[in-house]
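These notes are about the structure you will find just below.
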């Protein structure tokens with residue numbers, strides 16, 4: 001069975017790629033990572049940074065998660081991410097996504113031993 005940490009990696013990590021400006025990136029990746037099986041996952045974020053850098057967020061700024069739990073952490077540096085959003089009018093099984101690249105601080109929930117990311121909570125604008 002897939003562990004929460006492995007699920008996080010499958011759904012959110014894409015270290016090898018910089019998500020070129022490829023407009024079909026989300027359509028390909030959402031399918032490849034099994035997020036269009038049985039339904040179209042409405043929103044998903046991929047992080048284009050080394051896994052070690054994302055795991056290190058668990059040692060960074062501790063904040064409260066959207067659901068009120070206290071095990072969320074915000075990255076101290078901005079990260080290169082791609083947001084995938086289901087386009088309006090898109091219906092399963094033809095899941096179509098809008099691809100947008102961003103530089104954001106990301107917020108992840110961590111748990112376990114080793115203490116690793118298990119949930120992508122949010123991304124926040126880099127304050128200038």
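Including glycine, each Cβ sits where the backbone N, Cα and C put it.
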Listed co-binder of substrate (same site as 7, 10, 41, 42, 43, 44, 45, 66, source Swiss-Prot) among 32, 85: 85
What is the nearest of the recorded positions 7, 41, 43, 58, 65 to residue 84 (disulfide bond), using the Cα of each? 43
Tell me which of the recorded positions 12, 85 sits in the most Cβ-dense spot, judged by other Cβ atoms within 10 Å. 12
Here the Cα-Cα span from residue 26 (disulfide bond) to residue 119 (active site, proton donor), rounded to a whole number of angstrom, reaches 19
With residue 72 (disulfide bond) as reference and a Cα-Cα limit of 10 Å, the qualifying recorded positions from 7, 12, 45, 85, 119 are 119
Around the Cβ of residue 95 (disulfide bond), other Cβ atoms found within 10 Å total 21
